[in-house]
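Remarks on the structure that follows.
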Amino acid sequence: MAILNKNSNVSEFILLGLSSSQELQLLFFAIFILVYVAIIVGNLLIIISVIFDNHLHSPMYFFLANLSFFDLCFSSAATPKVIADFLRKRKTISLWGCMVQMYFMHFFGGGEMSLLIAMAIDRYVAICKPLHYQTIMNHRMLIGFLVLSWAVGFIHTTSQMVFMVGLPLCGPNVVDSIFCDLSLVIKLACTDTYNLKLLVIADSGLLSLVCFILLAISYIIMFVTLWQCSSSASSKAVSTLSAHITVVILSFGPAILIYVFPFNSYSVDKFLSVFYTIITPFLNPIIYTLRNQEMKGAIKRLCSRNIISCLDT
């Protein structure tokens, strides 16, 4: 990453957080730490189940395990610092800490968007070309989609941060959020940032919007295909697709609202940011486990296997 602009005299940022009330801070601390523990446990359960359960060694669960990994990393980029700040009266983050936080949040966020598209392609092939599914979704194709997701995440965040690290920051240094948000930090630069703001909107907002539209079209095609069928397999596919669509809406919806249709109300922006970074990684494992009998069965087998091994020792 490039060296920060020498004209910058800001060494840290002050985060205003969600509230100045001490009572609310403690309440938020309790809620956020419970949600973060649930994020870790839920996503790790999915990852471990897919790795060790032979029933889940298929392309769909390969993508699901990697989505859980992205969710885990994405949430961990900011949530631990947010939780710790609820116990501090003065919430600060160093300049480099802020840059690193924004880098990894956009890295894993961009990678997750690409992975959701790969998951949609997998379901499209399974539903619309079932006889060729094993041939098309082979091991090489899966690795290719995964590498592409990491590459998109890297390009997505680097293309923005390479300009961000060179901005002169002369003050103020107050960020009205619970973590470093790219659009808010740009506003603190003591230079014209109009072109950079357009880049952020085009890179983050329009990318999210275009991907969401493409995903919506693909799922409509799949639902039309399933509607023409009347088998039990189609009802199972509809249940799987509904889970995928819910995750897509939760992942893309807040990002589109933040970057494409920004609100003037900071309270709304804060709510969307919290929802996008904390709630969505928490809901994803719940949605996939509660709507998926195979996943629930694998988790039960994993838990029972560990209990039996503990009793044997």
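Placement of Cβ uses the backbone N, Cα and C atoms for every residue, glycine included.
Keep in mind the model is a prediction, meaning the values are calculated, not measured.
According to TrEMBL, the feature domain 'G-protein coupled receptors family 1 profile' maps to 42-288. Here TrEMBL flags 26-48, 60-83, 103-121, 142-163, 206-229, 241-261, 273-291 as transmembrane segment.
Counted over residue pairs separated by six or more positions, the transmembrane segment (142-163) shares fewer than 3 Cβ pairs under 8 angstroms with the transmembrane segment (26-48), which leaves the two as not touching. A mean pLDDT of 84 is what the model gives for the domain 'G-protein coupled receptors family 1 profile' (42-288).
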